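Quick look at what TrEMBL lists:
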type	residues	note
DOMAIN	A:56-262	domain 'ABC transmembrane type-1'
DOMAIN	A:332-535	domain 'ABC transmembrane type-1'
TRANSMEM	A:14-38	transmembrane segment
TRANSMEM	A:58-82	transmembrane segment
TRANSMEM	A:94-114	transmembrane segment
TRANSMEM	A:146-166	transmembrane segment
TRANSMEM	A:187-209	transmembrane segment
TRANSMEM	A:242-260	transmembrane segment
TRANSMEM	A:291-311	transmembrane segment
TRANSMEM	A:331-359	transmembrane segment
TRANSMEM	A:371-393	transmembrane segment
TRANSMEM	A:405-425	transmembrane segment
TRANSMEM	A:473-494	transmembrane segment
TRANSMEM	A:514-536	transmembrane segment
Amino acid sequence: MDIIRKKYYWWNKWTGYALIILLFVATPLVTILFKLFASPGGSWSHIANNLLYGYFQNTLLLLLGVAALTFLLGVSTAWLVSNYEFPGRRYFEWLLILPLGFPGYIMAYTYVGILDYTGPIQTFFRNTFDISFKGSLIDIMNLPGAIFILSITLFPYVFLISRSSFLQQSKTMQEASFLLGANRTKTFFKIALPMARPAIVAGIALASMEVLNDYGTVKYFGVNTFTTGIFRAWFSMGDATTAIYLAAILMIFVFLILYLESLQRGNRQYSSVNGLNKPTARIEVSMQKKLLYSAICTIIFLISFLIPFLQLLKWVWLTHEKVVNQEFLTLIYRSFGLAAIAGVLIVIFSVILLYALRLSPFKWVKSITKVATLGYAIPGAVIAVGVMIPLLAFDKWVYDALLSARTAGLFLSGTLFALIFAYIVRFMAVGYNPVEAGFQKIGIHVNEASRLLGVRSTKTLWKIDLPLIKTTLFSGILLVFVDVLKELPLTLILRPFNYQTLATKAFDMATNEMIAESANAAVIIILTGIIPIIFLNQMIKKREL
Amino acid sequence: MLKNILKSTILGLVAVSLYACGGASDQEEVVNVYTHRHYEADQQLFDQFTEKTGIKVNVVSASADELIQKLELEGANSPADVLITVDAGRLHRAVEKDLVQAVESEILNTNIPSKFREPGNKWFGLTFRARILAYSKERVDPSELSTYEALTEENWKGRVLTRSSENIYNQSLLASIIANNGEAAAEEWAGNLLANMARTPKGSDRDQVKAVASGEGDVAIVNTYYIGIMLNDANEEERKAAEKIAIFFPNQDDRGTHINISGAAVTKYAPNKDNAVKLIEFLSEVEAQNFLASINFEYPVNPKAEYSDLLKEWGSFKADEINLSELGKRNKDAVIIFDRVGWK
């Protein structure tokens, strides 16, 4: 096959497109990295002496904790719903994705609300049995609590990706395993799990980057991580250079995660060569096991979604008259539109990047395209600054060169362009990773066959590659959609005047410590998130047939 | 095909940004506001201002730190006219970074007492909040309470609650202690108070009040208006929790209770400076001040404005008279002390 690849010169139009996109996406990142060459700010020695160790420790523990818990929750449920028949299975397939719509900080506020003094549980005990608890029922405002909150909102990443991997694993492999005398459990550990490993690790990597980016939850719980450190240096101490130093250390974490992820993938080919992907039939198990599996999924669903969601609904019931009005429709419409635009653009860009990579025999192309996904781990506020610096320079250039007069207002910055640009930088990884997994799954041979038959690269992409990875394309768009809907710090800084989204609305209320009022916007974020999730589930199921 | 998609995408983006620009090029009178105050009451006041003057108020709300960063990056081309923050420390930083300008206005000088103004009139307080002690009616006799400093004494061990040092209100409180007692005494205070805490500092001000109500601690250092919000919450349990505590104004026999302000400044390159001054003047008038005090339970800076019923009930108190720009100057020292003593 190398002969075919060598036929192509390293430069083709796809590499060209890819380079343009990379330039576009990398500009803010490079802008930030450039700041590293400035000497460290005055607060650096203070932070290094008093805080850095704690940041390291907390960030590492948080990462490991969330990785372990999302693995446990995501892979176990994915295996159950893709391999066994039990009551409610069809529903759990999409119910277990719903927590993804929950913004982490809303989940944190909600759980504190459920467990604290004025929450439903304590109120019930106090008013019915006159039993009072000292403090919160279970104290979750600490590191284990943060791990819990982040895991229950992030495990659907692992669930979603490993489930579609389990479903698409070749039937023949597993049947061979059974024929050789291995039972389901052994097959899981020896065949299914290793085969799904790239997908699972990709899911955990996504979750890990969300963890590194989280600010709302850790701040509320008083857990100091690198991200809180960046905010502290930048904003509390007004020391941008030190903040960028910390952001750079954070980026090393990201490189490490990405490196470990690619290392474990290695040179192994996990794609099936012939593309015969008949899924394994689900098996019937004893009644007891059925009930057990149902119970496991039910409990996870209750904790990760239904209970907190009901608490939010209760708050909505208490406060909706005050909050919900005409303005809300505008908010929904805007948030939805922004999220959809970002989702589609990111997936288009990912396809172009990955197709260039697919056609290229050169390793370095792969490392370069990875750069596009780095933005995911950088705190939104830092990206916002990285986006503003080049755009403002552009604006200034426009004014000086073209208008030769100072006009109030700005051309690109302060518009939706800046906001969408930032979303693309920030969420590229979310769309990129599923598309990448999709390309890997179908293998390169179909593409090469088409090219050998003389079909041009663009036509091959449209006729062969894209139809085969349709599901992953949609899941990419939808994952971005849900993420953008929840996004906060970027939107706060870069949105144009008078521009509210659901997330900023919820945040305004929450920062004012009006949690019950903020539930109105939160519920709509979650409900809008459900529509694409159901849709996404349909797509995965179609593939299954 | 793909090329076409790429083309139309780029065209679409350009169209979107031009559309967004289009809004700004209208010739109507506007004032552009960067604000950290995201209260419903503010939006209502802005609407009233537009009704009265015909000047449209455009708003971006975010945290003051981010808005200051944004102003700094935008420089001379910034569209912002007014910066509104919820504490003096951030206003001070805006002055330090040369992002705001002095304003000479008879109306502002009359409406706002000098202690609520920057000495060079570079910013103006709009409302103030007192950082008070919320104590358990059941377990604390108010005669036990006296000052912030007294909370570090042995008998308060395991009974004090407050939020993390990430919070600007605690930073300003410590800054006021540095200004009044000196840095060494302030560090000792922070360390000893930390040792007396009922739990590690975390959560919001409301969470501290609830922790007192539930018996986790006995006295919490919180801002007044959160208690006002709790007392008027839709949830009955929240109201009941707030009723279990009473408030105490500390340091009445010496410097007075620590207060902090929310305030406004006209940005250095304000393209609509006149409108910006008009807006701040409007917010300082008795009518707007009464409104802020009644809806948001903040104290009005205008001495002619009336306190809301709840504020009246809490009574008048002696406030720390220190000029609030002092707090801004010492904010960074305060943060460093918090980190040194390990107050998260």
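Counting starts with 1 at the first residue shown.
In case you wondered, yes, glycine gets a Cβ from its N, Cα and C as well.
Computed from a predicted structure; not experimentally measured.
Within its own chain, the transmembrane segment (A:187-209) has Cβ neighbours under 8 Å at 63, 66-67, 70-71, 74-75, 79, 83, 150-151, 154-155, 157-162, 164-166, 169, 173-174, 177-178, 254, 257-258, 260-261, 264-265, 270, 376-377, 429-430, 433-434, 436-437, 440, counting only residues six or more beyond its boundaries. Spatially, the transmembrane segment (A:242-260) is not adjacent to the transmembrane segment (A:94-114); fewer than three Cβ-Cβ distances between them are under 8 Å for residues at least 6 apart in sequence. Here the transmembrane segment (A:58-82) has Cβ contacts under 8 Å with residues 89, 92-93, 96, 143-144, 146-148, 150-152, 154-160, 162-163, 166-167, 188, 192-193, 196, 200, 203-204, 207-208, 211-212, 218, 223-226, 253, 279, 282, 293, 296-297, 300, 304 of the same chain, all six or more residues outside its ends. Residues 73, 76-77, 80-81, 84, 86-89, 92, 95-96, 98-99, 102, 107, 110-111, 113-114, 119-120, 152-153, 155, 285, 523, 526 of the same chain lie 6 or more positions beyond the ends of the transmembrane segment (A:291-311) yet place their CB under 8 Å from a CB of it. At the 8 Å Cβ cutoff, the transmembrane segment (A:14-38) and the transmembrane segment (A:371-393) share at least 3 close pairs (sequence separation 6 or more) and count as touching. Ranking A:146-166, A:331-359, A:371-393, A:473-494 by CB pairs under 8 A with the transmembrane segment (A:514-536) puts A:473-494 at the top.
Put simply, of A:146-166, A:331-359, A:371-393, the stretch with the most CB pairs closer than 8 A to the transmembrane segment (A:94-114) is A:146-166. Within the chain, the transmembrane segment (A:331-359) has long-range Cβ neighbours (under 8 A, six or more residues past its boundaries) at 5, 8, 12, 14-15, 17-18, 21-22, 25, 365-366, 369, 372, 416, 419-420, 423-424, 427-428, 430-432, 435-436, 439, 444, 447, 457, 461, 465-466, 473, 476-482, 484-485, 499-503, 505, 521, 524-525, 528.
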